[in-house]
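Trainee: Got a structure for you, questions after.
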Amino acid sequence: MSSKLELKDVHQLNGTGPAASPCSSDGPGREPLAGTSEFLGPDEAGVEVVVIESRANAKGVREEDALLENGSQSNESDDVSTDRGPAPPSPLKETSFSIGLQVLFPFLLAGFGTVAAGMVLDIVQHWEVFQKVTEVFILVPALLGLKGNLEMTLASRLSTAANIGHMDTPKELWRMITGNMALIQVQATVVGFLASIAAVVFGWIPDGHFSIPHAFLLCASSVATAFIASLVLGMIMIGVIIGSRKIGINPDNVATPIAASLGDLITLALLSGISWGLYLELENWKYIYPLVCAFFVALLPVWVVLARRSPATREVLYSGWEPVIIAMAISSVGGLILDKTVSDPNFAGMAVFTPVINGVGGNLVAVQASRISTFLHMNGMPGENSEQAPRRCPSPCTTFFSPDVNSRSARVLFLLVVPGHLVFLYTISCMQGGHTTLTLIFIVFYMTAALLQVLILLYIADWMVHWMWGRGLDPDNFSIPYLTALGDLLGTGLLALSFHVLWLIGDRDTDVGD
């Protein structure tokens, strides 16, 4: 009886048998049976045609599966194709080796960029503008931190958009580019202006000395440096992310380190050159300082209008100021430590190492934060309760020793610290940079500070990204500025502490004050 029913249904669906009656066993108003093609009949060709039709037209639960439940030879793949909707994107399957391989070369490139920035800072610290207007040192971590406040946030935001398919069409790509470039110009101008105010305040509080020409010099130098550096680095970031997607590399692994590879060097070179050029005109063209500030401020309405046109950046334009401004303030505290330490002739050698330790820590934690954020975006939206629910206070064992992919990447990034810094220290030594001899005790103290900095940052990143996600905040926009600013503060503070301890214990072979 079962075989007759199967053959009858096959012939009806292929047009070889009598047409199905509306009053048949399917019941009134029901669609003709689709899916009996699973049962093999004598006509193999006819069955193949039915397979095509049933896949194209079946909707809902197929009733013949229930009818022929006991004797069916159904194909499980058909049930999957009809009963399930489109599967959400799954997290990228990456091994520790693949993560390390993709991160290694951008990490080394970024490290050599920080080494070059350190060499530049070691040279320019003796320039007259840095000697007479020492508040410029306070601007160094704040403006170098823009790569974390703006460029790394841009890289993380665009990497997530690329990984979840929001940059696949030319229209979406162009909208993302114009909106994000306009957004970072607004943020760079405002942050540059606020950084100059912070430098003036932090310079005035300890000494009680305030100079209006110096204040305008700091403002003009800071705003111009922030604007130009963000424009150049933003275009580089967009090119890196588009290129990474085309060659099949995860942008999260390469975009943020490359953002810093030239970021420190370009920003420090611009700050030194602009401040020196403006300082030369201090006596003859004092009015040029407010004109420079007014020019960049006048461009703000243009960037605001462009940023508001893109839905992806409109929200950040209104709500993304808190992390950027607080991060700038944290970095300025690190700048105050740098100013007070480097100004002491006994610790002049610290200048060449500060951008290196700050840059390496910021680069590694930015990679981790960007990866965790992308992982969470693939499983839902910020604030949603899912299997990836935010953890209130993760344990260090969970952060570094669990089997999940984020813990694996944390271990890989932490293991890069020592070999990376050894390469950078050797490079500085070969280039005869700084005023410090690389003795064994100095390397031990330096490595201890670097490892402690990265260990703390990776743990905070694991907690902060999940905590922000649970509050409905997008970690791409909020976490990296805090993390990189903390990296600047921890790096500068721990390095200054190491130099002071070396000086106190009388490590004369290190020659920290040569």
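Each position is counted from 1, following the chain as shown.
Just so it is clear, glycine is given a Cβ too, placed from its N, Cα and C backbone atoms.
Not my notes, these are from TrEMBL:
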COMPBIAS  1-11  compositional bias 'Basic and acidic residues'
DOMAIN    140-274  domain 'SLC41A/MgtE integral membrane'
DOMAIN    354-497  domain 'SLC41A/MgtE integral membrane'
REGION    1-41  region 'Disordered'
REGION    58-92  region 'Disordered'
TRANSMEM  99-124  transmembrane segment
TRANSMEM  181-205  transmembrane segment
TRANSMEM  211-242  transmembrane segment
TRANSMEM  254-275  transmembrane segment
TRANSMEM  287-306  transmembrane segment
TRANSMEM  318-338  transmembrane segment
TRANSMEM  410-428  transmembrane segment
TRANSMEM  440-460  transmembrane segment
TRANSMEM  480-505  transmembrane segment
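Walk me through where these features lie, including what they touch and how far apart they are.
Mentor: DSSP assignment over the domain 'SLC41A/MgtE integral membrane' (140-274) gives 120 helix, 0 strand, 15 coil.
If one looks beyond the transmembrane segment (211-242) by at least 6 residues along the same chain, the residues whose Cβ comes under 8 Å of a Cβ in the stretch are 133, 135-136, 139, 142-143, 146-147, 150-151, 154-155, 158-159, 162, 167, 173, 177, 180-181, 184-185, 187-189, 191-193, 195-197, 199-200, 251, 254-255, 258-259, 262-263, 266-267, 270-271, 274-275, 278-279, 282, 286, 288-290, 292-293, 296-297.
The list of residues near the transmembrane segment (287-306) in space but at least 6 beyond its ends in sequence, with Cβ under 8 angstroms from a Cβ of it, reads 178-179, 181-183, 185-186, 189-190, 192-193, 213, 216-217, 219-220, 223-224, 227, 278, 281, 317.
Outside the transmembrane segment (410-428), and at least 6 residues removed from its termini, the chain residues within Cβ reach (under 8 Å) are 96, 99-100, 103-104, 107-108, 111-112, 114-115, 118-119, 352-353, 356-357, 360, 364-365, 367-368, 399-401, 434, 438, 443, 446-447, 450-451, 454-455, 458, 462.
Under 8 Å from some Cβ of the transmembrane segment (440-460) lie the Cβ atoms of residues 353, 357, 360-361, 364-365, 368, 394, 396, 399-400, 410, 413-414, 417-418, 421-422, 425, 483, 486-487, 490-491, 494-495, 497-498, 501-502, 507, 509-510, 512, all in the same chain and six or more residues away from its ends.
If one looks beyond the transmembrane segment (480-505) by at least 6 residues along the same chain, the residues whose Cβ comes under 8 Å of a Cβ in the stretch are 141, 144-145, 147-149, 152-153, 156, 256, 323-324, 326-328, 330-331, 333-335, 337-338, 341, 346-347, 349-350, 353-354, 357-358, 361-362, 365-366, 369-370, 441-442, 445-446, 448-450, 452-453, 456-457, 460-461, 464, 512-513.
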